[in-house]
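S.K.: The structure under discussion is supplied below as structure tokens; questions concerning it will follow.
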Amino acid sequence: MLTHYQLCFQKRSSQNYTVPDPTSCFDVPPWTILCQRATMIMHNNSSALPLFSNVSSFWKRDSHGPGLLDEGASLIGSYDSPETTESFPFSTVETTNSSLNATIKDPLGGHAVWQVVLIAFLTGIIALVTIIGNILVIVSFKVNKQLKTVNNYFLLSLACADLIIGVISMNLFTTYIIMGHWALGNLACDLWLSIDYVASNASVMNLLVISFDRYFSITRPLTYRAKRTTKRAGVMIGLAWIISFVLWAPAILFWQYFVGKRTVPLDECFIQFLSEPIITFGTAIAAFYLPVTIMSILYWRIYKETEKRTKELAGLQASGSEAETARFVHQTGSSRSLSSYELQRQSTKRSSRRKYRRCHFWLTMKSWEPNTDQGDQEHSSSDSWNNNDAAASLENSASSDEEDITAETRAIYSIVLKLPGHSAILNSTKLPSSEDLNESADELQKSDTDSQEKKPKKLQPPKSIQDGGSFQKSFSKLPIQPGSAETATASDGISSVTKTSAALPLSFKEATLAKKFALKTRSQITKRKRMSLIKEKKAAQTLSAILFAFIITWTPYNIMVLVNTFCDCVPKTVWNLGYWLCYINSTVNPVCYALCNKMFRNTFKMLLLCQCDKRKRRKQQYQQRQSVIFHKRIPREAS
């Protein structure tokens, strides 16, 4: 049997020989083409050798010339002898060649070595950072009890989805890019695509849940946070994963059975139904465009609400040097000024307020009017003292840095004023005005005069007070009623004046007490609001960073998906980059936590520096010392 080398030798010895065609005078192709074809078939595949077992018929088949030439001519489809008794099996050779091409693909996918090294290095670094970052989030949630909040449960679910992407999706897609073809079969392809799309969409759904949680926590802090439990958070997380699974997994795994055939080639891996425009648009809208629209709207509302809270807090923390008015707020929320407590502060320095103290308030009372009539001086002095004492009582019960009483403290007034046993206060819709106080004082003086009690005495000679002008006013002492008395000391040389608590209406005392409690708790309320606002700002910053990263990384791919539905005009390199950008979002999320959340940042640092064991040891040592101290104290106490 002649080998293929012998055939090529005989071919080269007769290179100039041509076979005349008795019917069409067709020139046979050069010997070079025929030799290359025969050599490839017989050298690369032993299964093709039986085709040439009858070498004599293959080499010299008829009288027109060497049979090899005849067979070579028929092999390229250009010569067919009518006297041929055997035909060369052309279809078998072509099938063999196609199988050879499938099994001898370039393992580097046509890439140069340096390109493969660069791709593997970059994608490997990104995958490693993704895995480490999301593992840090999960471990931080485990070791730090302060991170076990409802909001962080959503971040934990997001980290799990991103970890799946880093471990499975990134590495398989990198292998697919480098090799240039899919080498793991159809089943592995469908499973990879299912895990990839479900985890990616779960990441999106978790971001959507976090956005809703932040929005309701800020806009409905009382009603929503009472219902915001760990169990409800688990239900919402479960729904996010279930929706993602239902949206992608069945369609990816069973679409070939729905349509009755699989159109994805064996050496490629992509979603089969992406060629259907309606389904592609539907999944793109449900998986990306609708969630990103909702998240953008929610974030805008969160931003506006946070800005509004910031302005309110700035109003609560307004400087005492600014002109402000102490206001009581009606329970319906409408602001209503009360003249007896309307302490119209002038824009003066604190030193001026300390200098004049009560006199400053006495001079700025609206109800006080200078009276030069000597006959009415005592009565006017009594009225003026009434008003001035009201202001002085308020000044004694609060610091000089009082702030406006806004809606946050109206509940305190309601509680204090609605004490049992005071029907007059319960039935009143507003606190007594200065006119009411004046009338009460007038009636009290009149009743005292009728009962022939002692008349009010002059306390001191008139004293001049300088505050933008000269005022001269004398003070009178109100009649003393039976009961406990208080002593109010006037500053700047004004002598002590003794008055009774019964001289003022009971409602005024309760109003003063209400203001005292309100101002005392005001700093605590402001502090709590400030801390709450800081937390809301941090949460909004974290959400904004995550949302921004999500939009940047996911938009290119989802645009290419829609474009690819109508035309196959997206370059393969651009498609791979867009696909990888979606993966990078899973890398960015843990970085957003670390940059925007101090608690996560400190826990990351503790874990990376291996300080967790040291912290536990210090805690154990502290507990042991405390135990020793406790046991030492017991015998002493027993003795």
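Along the chain as shown, the residues are counted starting at 1.
Quick reminder: no glycine exception, Cβ is built from N, Cα and C everywhere.
Sequence annotations record features per position, and here Swiss-Prot assigns compositional bias 'Low complexity' to 382-393. If you look up Swiss-Prot, you'll see 443-454 marked as compositional bias 'Basic and acidic residues'. Residues or ranges marked as disulfide bond in Swiss-Prot (evidence: sequence analysis): C189-C269. According to Swiss-Prot, the feature region 'Disordered' maps to 370-404, 431-471. Under the heading topological domain 'Extracellular', Swiss-Prot lists 1-115, 174-190, 256-277, 564-576, citing similarity to another entry as support. Swiss-Prot lists 140-152, 213-232, 301-542, 597-639 with the feature topological domain 'Cytoplasmic'. The transmembrane segment annotation in Swiss-Prot covers 116-139, 153-173, 191-212, 233-255, 278-300, 543-563, 577-596.
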S.K.: How do the residues of the topological domain 'Extracellular' (256-277) split into helix, strand and coil according to DSSP?
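M.R.: Result for the topological domain 'Extracellular' (256-277), in helix, strand, coil order: 9 helix, 0 strand, 13 coil.
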S.K.: Taking a Cβ cut-off under 8 Å, which residues six or more beyond the ends of the transmembrane segment (278-300) line up next to it in the same chain?
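M.R.: Distant Cβ neighbours of the transmembrane segment (278-300) are 201, 204-205, 207-208, 211-212, 214-215, 247-248, 251, 540, 543-544, 547, 550-551, 554, 558, 561-562, 565.
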S.K.: Check each residue in the chain of C189 (disulfide bond) that is at least six apart in sequence and keep those whose C-beta is under 8 Å from its C-beta; list them in sequence order.
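M.R.: The list for C189 (disulfide bond) reads W182, V264, C269, given in order along the sequence.
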S.K.: Sequence-remote contacts (6 or more beyond its ends) of the topological domain 'Cytoplasmic' (140-152), Cβ cut-off under 8 Å?
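M.R.: Result: 210, 213-214, 217, 228-230, 232-233, 539, 599-600, 603-604, 607, 612.
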S.K.: Where, among 116-139, 153-173, 191-212, do we find the most CB pairs under 8 A to the transmembrane segment (233-255)?
M.R.: 191-212
S.K.: Where among 116-139, 153-173, 191-212, 577-596 do we find the most Cβ pairs under 8 Å to the transmembrane segment (543-563)?
M.R.: 577-596
S.K.: If you count every Cβ pair below 8 Å, which range out of 116-139, 191-212, 577-596 shares the most with the transmembrane segment (153-173)?
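M.R.: Highest pair count goes to 191-212.
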S.K.: In the topological domain 'Cytoplasmic' (213-232), how many residues does DSSP call helix, how many strand, and how many coil?
M.R.: 17 helix, 0 strand, 3 coil
S.K.: Taking a Cβ cut-off under 8 Å, which residues six or more beyond the ends of the topological domain 'Extracellular' (564-576) line up next to it in the same chain?
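M.R.: Counting only partners 6 or more residues beyond its ends, the topological domain 'Extracellular' (564-576) has Cβ contacts under 8 Å with 177, 274-277, 280-281.
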